[in-house]
Structures are given as C-alpha cells and as structure tokens.
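Student: Got a structure for you, questions after.
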Amino acid sequence: GFVLMGISDHPQLEMIFFIAILFSYLLTLVGNSTIILLSRLDARLHTPMYFFLSNLSSLDLAFTTSSVPQMLINLWGPKKTISYGGCVTQLYVFLWLGATECILLVVMAFDRYIAVCRPLHYTTIMNPRLCWLLAATAWLGGLGNSVIQSTFTLQLPLCGHRRVDSFLCEVPAMIKLACGDTSLNEAVLNGVCTFFTAVPLSIILISYCYIARAVLKIRSAEGQRKAFNTCLSHLVVVFLFYGSAIYGYLLPAKNSNQDQGKFISLFYSVVTPMVNPLIYTLRNKEVKGALRRLLGRGREGS
C-alpha cells in the first residue's frame, strides 16, 4: 500500500479541511443529482443541451467520489494509508473521468454552436443518435487515455517509496514517487495533457467566437440575453476546469511547487464539481422552472 501525505503539513488544520470538504461533497451530491433528476423527469428538458448537462453531472459525481471519500477518511483518523489496489483504481478512474470531461466540454460547445449558429437545423443535426454517439466518444476517449497513461506510469520503479506527497493517487504525484529516470513519463504526460486541454480549449474558444458573432446578429434583446446566459454558464465552467487542469498537469511534474499543486488538485477534484450545477442553475430559467414544477408536484402529492 501507500501513505497519502494529505493536503497540508499542519495537522491542526485537518478538522477544518474535513468540515469544508465534507460540506463541498454534500453540495456536489445534491446539486448534480438534482440536475440529473430534473433532466430525466421534466419533459421540457428532454433536449440535447440537458442530455449533455446530465452527462456532465454524472461525470462530476463520479469524479469527486473517486477521491473525496478516501480524502475524508484520511483527514478524520490517524491512518493515512491507501491499499495498492485502491491507489491503482483511483489512478485509472480519476484520469479517465478528468479526460472525459475535457472531451465532453467540447461536445457541449459544439451543441451550443449548432443551437445559436444553425438554429433552423438544430433538431435535425443534434438528433438522439448523434447525441449518444458524441457522449460515448467522450467517455471512451477518456477511458483510452487513462488506460494508456496510467499503465505507463505504473511501470516506473518505485524502489520501496510509499509516501505519496498528495491527497490522492494521480499521475504527477506517482511520477514524483519514482526513483528512476522520469523524463519520458513527463514528456508523455505533457504531450497527452496538451492534446486533452490546449486543443479542446482552442476549439471551444474558436466556436465561441462564431457564437458571439451570431448572438450579436439576434435582433431581440430577450433572445440575445437568453443565448448569452446559456453560453456564459458553459464558458465559466470551461475556464474553471481547463485553467486548473492546465496548471496542475502541464507544469513540470518534478519541479512545480507541491503546495500549489495540491491546491490546484483540490480545486478541480472538489470545488469545480460543486460549482458546476450552481453555475448552470443560477443563470438558467428553464432549470429553475423545472425545479419549481417538481417541488410543486411534490407538495400536491403530499
């Protein structure tokens, strides 16, 4: 097994971290589960946009659950260990879901591009078959990346080193644990992460340039505001996720500041999955309306 060094070197802060992370995790569970439930139960939300949003919420639920329960266990008690099997599972799952989110955010940008720039052809282009195909591509693409990169990382010689200087088993932390030459692993990590972050982010930004141009051509102020609100929510999520992922994975694995690295890992594994549903619901009249209808039905039933 391995010893997870945790978030901070100050034991007196562990209870504060435990309460904050537990609260964030509960908010993540409630927020993302609500979006999935609304997308399934409300017929008005049976559209491609909410299909992909419920995929993102399912992804965020799994993403945060792959790391937070183990983190809470280690913060609560004196034992900071994780079994070898648990560490390997966390390595594969965390990387799989992170890479999947990189692709899924591109798919969501494509959906918004078609909705704003090709509104008359939207239902024809974004048919159920294509939606399922795009979602499957995201999930399988992320899985393929994880299998290759995690397996490559696990080949590194550890020479008995068991103290992982992080709160979870992820690729940069495992590379730091190795006692041999890791330059090839770092090069592969940088190459793959550039492909999964910089390339999708560039595609998203280009698509939003076209979207912005199309929104400015909409004559009604209400239509402009609705398109702007929907797209702004997605852009905020994009910058939160990609910004932290690029900072956490594209800096040299051996040389980056470890405390900063831990904070960034904490940000995209705990904070981002928690704020995603808030960003999408607070600025979205359709989701708020669906929530009111669901609560209204609940009161009528009781």
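Including glycine, each Cβ sits where the backbone N, Cα and C put it.
Quantities reported herein were computed from a predicted structural model and do not represent experimental measurements.
I grabbed these lines from TrEMBL:
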type	residues	note
DOMAIN	31-280	domain 'G-protein coupled receptors family 1 profile'
TRANSMEM	15-38	transmembrane segment
TRANSMEM	50-71	transmembrane segment
TRANSMEM	91-110	transmembrane segment
TRANSMEM	130-148	transmembrane segment
TRANSMEM	187-211	transmembrane segment
TRANSMEM	232-251	transmembrane segment
TRANSMEM	263-282	transmembrane segment
Student: Check the transmembrane segment (130-148) against the transmembrane segment (232-251) for contact, please; criterion is three or more CB pairs under 8 Å, pairs 6 or more apart in sequence.
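Tutor: Taking Cβ pairs at least 6 residues apart, the transmembrane segment (232-251) and the transmembrane segment (130-148) are not in contact, as fewer than 3 fall under 8 Å.
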Student: On the 0 to 100 scale, where does the mean pLDDT of the domain 'G-protein coupled receptors family 1 profile' (31-280) fall?
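Tutor: That stretch averages a pLDDT of 85.
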Student: How about long-range neighbours of the transmembrane segment (50-71): same chain, 6 or more residues beyond its ends, C-beta under 8 Å?
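Tutor: Contacts with the transmembrane segment (50-71): 4, 7, 21, 25, 28-29, 31-33, 35-36, 38-40, 82, 86, 90, 93-94, 97-98, 100-101, 104-105, 107-108, 111, 131, 134-135, 138, 167-168, 237, 269-270, 272-274, 276-277, 280.
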Student: Looking only at residues six or more beyond either end of the transmembrane segment (91-110), which have a C-beta under 8 A from one in the stretch?
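Tutor: Apart from its flanks, the transmembrane segment (91-110) reaches 49, 52-53, 55-56, 59-60, 62-63, 66-67, 134-135, 137-139, 141-143, 145-147, 149-150, 153-154, 168-171, 174, 196-197, 200, 203-204, 207-208, 234, 237-238, 241-242, 245, 268-269.
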